[in-house]
Amino acid sequence: MTPSCDIGDDVGSPEYHVKPNRREISTRTQTTLAQDPPDPLPLYVDQLIEDHRVPGRTRYLETIVTHHDSYIGSASIGYFSESRIRALTNRLGHTGVECLLNRISAVVSDRYERHHEQPATDKLWQKPESLPEVDGTTMRLYVSSYFSQLHPVYPFLDRSKFEQRISNVSLAADLAGDIHWSALYHTVLALGCQYHGGGAFEPGKGKSWKFYQVALGFASDIFVGAECMGGLQAITAMAIFALNFSYMHLDSLFIKQAACVAQRMRLNASSDAADQHFRYRTFWVIYFLEKTLSFHHGNTSVIMDSDIGCPVPITPESVFGDYNWLTACAGLARFLSRAYESLFSISATWNTEASYYRKIDTMNSVLERWRQSIPMIFRPGEPFRAQSFHGSCETFIALQTHFYYHNACIALCRLTLHLGRHSDGPRQVAARKAIMQAARSIIELLRHIDMEAYTPVYILAHLPLSALFILFDLVIHNPTHPETASNLALLEVAGGHFSRLEYATGGSLPSSVLAEFAYIARTFVRTYRVEGNDGSTIAVPTNVNIDLPRRQDDSLPSAASFLENETHDHQPPLASPDTLPLFFPAIDDMDAGDGSLTGTQKLVPVPVPSEILRETLKRFCYRFLLQLGSTTMKTCPFQAPDLSLPMIEDYLHKGCHALVKGVNPAYGYQPSLAAGIVFCVLFGTSMVAHTAQSFWSRKWWCLLFAIGCLTEVLGWAARTWSAECPYQTDAFLMQISTLIIGPTFFTAGIYVLLGQLIALLGPESSILRPSWYLWIFCTCDIVSLVVQAVGGGMASSAASEVDGDTAPGTNTMVAGIVFQMAAITAFAFCGIDFLVRCRRPQLRARFTPRMRLLVLATTFSVVCIYVRSIYRTIELLEGWSGYLITREWFFIGLDGIPMVLAVVVFNIFHPYWLLPREKEARKAESWVSLTRPGENDDI
């Protein structure tokens, strides 16, 4: 026997690349045999062969969202059994859930069947008449996107060789003469193209299809032709492309084919070939794809784990800090393989209950060791901090790590709960806690998912759907549990996710129907809490759980709290007084025979915040009136509008809407209207005064103060706009961009002013020449201005995107502010040096009292700007949800007021009034021209 390696071991270390000698093999074999457990039980197939009276067994059902009544499969999306559906129907009093599940199954089945029938199949595999045209720049852009976004996730290619080959001047001839290379090349372009708007959620559409069609046209020739690394890599690339929505009906075909070819080519064994490193890479990528696909679909793997001997190579592209992604993938895939074989295979159904629990405990222990081996920043079960990751690829890998872990937890917990469905012991309580936490964690991560065609369907739909099913089931069977309110909110978040998915697909995937689960659950909970069986209002006892009696066929017992066997000493929460009782239909008999939600309806009050959906209520009533007068009402089902939090936020960001309780604006508060008006007036008045003073005195450099005031007026005008429209994105972005750069113009004016003072007193009054102040510090101001503007633009762009990462833009803005502070600090030292030198007797005589007032005003302005810069630096470093940035009085006191004082002081102590005229300066013999002779007549 070959010694196994635990998933926590470093299988990529050099010792796994060294062939052991015979003595080592002998020693290891003797040691292993001495420690071997007894022979395992025979497989179920052995019984079928030996005894023809043994009945057959199956774990499969025809529908994708249901599972066998007796056996739990590894596919998390198949959550509901027939008995569970009956239990939900009895508990709800209608067949709404069954209708919804039938509709979901019909949508998925239709999507698969449409692309497996003629003529869709012929078109799919048909070779295009001509190759798609792509210029060299675009081609290199797509290839670069592939290697930056997907290659670290699936590192099976040699990037240097690939890029060298596409740079060949004879690329066209190379593609024409090698079908394996052509298929791989065009699939890589298809994958990279998706990151530049070329993807689509429907087969045969989008720019990426034109490239992928070329590869599919060669697929049959590659399948039946000679096996080689080029062909295997092409199949692997096509399999990766098929992980998305458009071609999810092809993923199993390509992944299984790649697994079979890899084993026939003996990539699963150690090799002395020159390209052994990439042979190992390719095998482990295929191993990961095949094992995860088999587990998620509840199918048998085609890779024999017992026949694997190739090491996991060290792959720098897939190492993020101290997180080795490829090694983690190999460990997870091996865990899924072991779990499927011991717990979810047909032979596993022969396990006794004690054997099941023992194996589940073992798998839980292995899974926890795998989790602990992952660095904290990527570790599942820890807070997911998107701002900690560098780039979208790293974020995607972190998401995959979390999702795969939670899916494994759900599979183990579901099996535990199924085994203990007739009991309610500590093991079942712990499993309910774990499965609820896993489902909640998945839904909390939905906001980080890219709603794009390149996102795998497993992340985009399968696992979110499983989480929705779990929380729905828990809510319906435990309506009085303390976590029910938050679970209902998360159900609405999940409904919003699927509504966004339907919008992103242009309606080709009608997934918004899943939002009805949240509506059904909320209606049931509210009715259950406030109505008795006869429809009368009841008082809920303070220490009695009022859940309905447990059914023996329920997979999740509901006789008590599903988290703990305890009573609750508090009254269930009732509707908030800030809500409006809106009457939505509660459906009694929803089975219309066609999968639609129709039937007899009674009106049940459901609380909806009265400020949220004025326009939606109009649309709701309008649709209701239309349906009252419709002769086809039974075929046009009435559905309540989706009220999930993401949809509410999307709605509020469009147009001007008043503040809604519970939905925070981007500021974290509603900006003060009075403060906005006051600061607009103050900065506006100062701007007008500075403009007039500049024209009157002909000191044009003083217009810098007027320009700075203009940016402040624009920023505070945007905040005034936000006071009336707190969710208006344009107003928020406008005030970010303007208020962050306004002080830059003030400091530029101050730099010029000090240069003027030095010019008047003479070069001996400064360590620098007078003209240097203009060039050095104004250049610093320009650099600071550009950096802050770029950072503001990046942050604004990210803030306008769904789940956009504002960290790079914020850090850039902070860098600009810090650079500005450094320039101000250097300027302050120069100013101090200037004041020290002015104490010398020969300069003190030239220093007039009016100049002293101007120096004091300048010092005061610099201090105000410095205080503001320190505040903004700390504020932005805390992030967009930090303490300082979400408290308006900090912003008013440490930004608005200091900036008003910094600029108004020069309206009062204007340089024209306090600087000596040219005649006085010449009389004092201290005139030094800043520029060419004759250009300082008005100083």
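Glycine residues also receive a Cβ, built from the backbone N, Cα and C atoms like all the rest.
According to TrEMBL, the domain 'Xylanolytic transcriptional activator regulatory' annotation covers 144-372.
Same-chain residues lying 6+ beyond the ends of the transmembrane segment (667-688) with a Cβ under 8 Å from its Cβ atoms: 659, 705-706, 709-710, 712-713, 716-717, 719-724, 726, 732, 881, 885-888, 892, 896, 899-900, 903-904, 907. Residues or ranges marked as transmembrane segment in TrEMBL: 667-688 (among others).
Annotated transmembrane segment per TrEMBL: 700-718 (among others), in sequence order. Residues 676, 679-680, 683-684, 686-687, 690-691, 693-694, 731-732, 734-735, 738-739, 741-746, 748-749, 752, 896, 899, 903, 906, 910-912 of the same chain sit 6 or more residues outside the transmembrane segment (700-718) yet have a Cβ under 8 Å from a Cβ within it.
What TrEMBL lists as transmembrane segment is 738-760 (among others).
As annotated by TrEMBL, transmembrane segment applies to 772-793 (among others).
The transmembrane segment annotation in TrEMBL covers 813-832 (among others).
What TrEMBL records for 853-871 (among others) is transmembrane segment.
Positions annotated as transmembrane segment by TrEMBL: 891-915 (among others).
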Exercise. Could you pull out which residues elsewhere in the chain have a CB under 8 Å from any CB of the transmembrane segment (891-915), counting only those six or more residues past its ends?
Key: 672, 675, 679, 682-683, 686, 689-690, 693, 696-697, 699, 702, 705, 708-709, 712, 716, 739, 742-743, 746, 749, 753, 756-757, 760, 850-851, 853-854, 856-857, 860-862, 864-865, 867-868, 871-872, 875, 885, 939
Practice problem: Express the predicted model's confidence over the domain 'Xylanolytic transcriptional activator regulatory' (144-372) as a mean pLDDT, rounded to an integer. | Solution: 90
